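*Asks:* Feature list, courtesy of TrEMBL:
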SITE      Glu78  site 'Important for autoinhibition of adenylyltransferase activity'
DOMAIN    127-287  domain 'Fido'
ACT_SITE  His218  active site
BINDING   Asp222, Gly223, Asn224, Gly225, Arg226, Val227, Gly228, Arg229  ATP binding site
Amino acid sequence: MHDKILLEDCSDLSRRIDTDRFGPFVFQPGFRVAAVDLALHRVEDAHARFVASPLSQVANRLQQEILVSSVFGTNTIEGGTLSEEETASALSLDPRQVQAVEQQRALNIKAAYDLSQAAAKTPGWSLTTEFIIDLHRLITADIPHEDNRPGLIRDNPKTRVTYVGDAAHGGRYKPPQYGKDIERLLSALIAWHGELAAAGIPALIRAPLVHFYYERIHPFWDGNGRVGRVIEATLLQTAGYRYAPFALARYYLQNIDAYFTLFNGCRKAAEKGRDAPNQAFVDFHLEGMRQTINTLHDRVNLLVNRLLYESRIRRALDDKRINARQYTILSFLLDRGRPLPLDEVRRAPWYTSLYLKLNDKTRQRDLHRLRELELAFLDTDNALWPGFVVPGNIKPLGKPESR
């Protein structure tokens with residue numbers, strides 16, 4: 001793997017930063033080495049299997065799916081209202097076609113992803129304050145907010161107090177308010193990350209720790225969550241992890257209550273002086289990476305199987321093992337990519353037009369032949385499946401269907 005796992009005693013990697021108004025702020029690894037070893041190797045194993053899969057055949061399709069899913073996920077976490085389909089439409093817009101703030105939010109996240117990917121591909125790249133500010137500038141560009149200025153560090157006036165969190169997720173937290181404190185802590189976070197990297201702490205642990213402490217600092221008026229997740233993804237990409245770093249946003253959305261609660265839970269554990277206060281957040285991240293990579297691996301296999309199936313049914317038509325009607329049915333199933341109730345298929349106008357001048361026995365024989373060749377499956381619930389997905393409850397073939 002691109003990032004060596006060299007974990008020893010991390011206790012000397014804690015750093016206390018004194019600020020002018022916020023008081024002391026402590027960066028600490030906050031995890032037990034023995035407790036993360038197995039989880040690290042499970043993620044590494046999952047990633048090794050994933051990159052060994054036939055990715056090149058479906059890379060463009062997978063990348064586009066991840067982009068839409070990730071932008072939808074990270075945007076929805078922060079209150080975005082676009083559906084996944086609307087997100088896909090927004091991402092295809094020319095900037096001159098943008099008419100709504102929600103569309104702009106989606107395009108801004110994509111711009112930040114582009115910057116992240118470019119950084120990860122740059123030899124010798126390292127995290128800097130300038131990079132974080134650039135991310136924020138991209139993510140909040142042309143988004144109306146009463147205080148926010150793209151790329152401007154928050155500096156609260158005395159009459160304005162910023163709080164983060166809510167009672168439902170472990171309580172409210174008051175982050176640093178004074179601009180110079182925020183700037184000092186952001187610089188310290190970047191320096192601390194460099195120390196972790198030099199000590200051999202793997203990106204799978206460094207990335208969530210930086211994400212966690214970045215959100216604790218909360219350096220901007222708006223967009224902190226989106227920026228924090230892109231920082232995390234960039235660190236993972238730089239270490240060689242492909243696709244999963246952005247796709248992880250969907251895991252956070254699916255586990256949003258745990259995600260928000262862990263920020264407060266780990267902070268309070270540190271304030272109480274508990275051992276390994278950040279363990280739960282690191283564990284959450286590692287499990288998210290493992291699940292995300294495995295989900296992507298399954299998706300690659302499915303996409304490859306679809307490609308093979310498409311070639312298979314084309315050959316069957318060319319070899320005259322199936323007729324044009326049967327090919328039309330299979331093409332429809334391929335396009336839908338999921339099982340459909342047989343009755344629903346038979347009622348569809350395109351299907352009825354295939355058999356307008358033919359009797360019911362012809363229709364039965366056509367379906368029977370497709371099932372016989374295992375180009376389509378019928379399950380015990382009378383749902384028709386495309387041949388690249390095998391149901392667990394296949395209906396016995398028997399004689400041609402009489403329905």
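In case you wondered, yes, glycine gets a Cβ from its N, Cα and C as well.
Any TrEMBL annotation is an automated prediction that lacks curation.
Structural setting of the listed features?
*Replies:* Packing around Glu78 (site 'Important for autoinhibition of adenylyltransferase activity') is summarised by its Cβ count: 15 other Cβ atoms lie within 10 angstroms of its Cβ, all protein chains included.
In this structure, His218 (active site) belongs to neither helix nor strand by DSSP; it is coil. Long-range Cβ neighbours of His218 (active site) (same chain, at least 6 residues apart, Cβ-Cβ under 8 Å): Arg154, Thr162, Val164, Pro175, Pro176, Ile182, Asn224.
In the three-state DSSP reading, Val227 (ATP binding site) counts as helix.
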*Asks:* Across all chains shown, how many C-beta atoms besides its own are within 10 angstroms of the C-beta of Asp222 (ATP binding site)?
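*Replies:* Step by step: centre on the Cβ of Asp222 (ATP binding site), count other Cβ atoms within 10 Å, giving 19.
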*Asks:* Write down the Cα-Cα distance for Gly225 (ATP binding site) and Glu78 (site 'Important for autoinhibition of adenylyltransferase activity'), rounded and given in Å.
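*Replies:* A Cα-Cα distance of 7 Å.
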*Asks:* Starting from the Cβ centroid of Asp222, Gly223, Asn224, Gly225, Arg226, Val227, Gly228, Arg229, the recorded ATP site, name every other residue in that chain with its Cβ within 8 Å, sequence order please.
*Replies:* Glu78, His136, Ile139, Phe220, Val230
*Asks:* Let me check the 10 A CB neighbour count of Gly225 (ATP binding site). How many other CB atoms are there?
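*Replies:* Summing over all protein chains shown, Gly225 (ATP binding site) has 24 other Cβ atoms within 10 Å.
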*Asks:* Looking at Cβ-Cβ distances, which residues of the chain lie under 8 angstroms from Arg229 (ATP binding site) while being 6 or more apart from it?
*Replies:* Thr74, His211, Leu248, Ala249, Tyr252
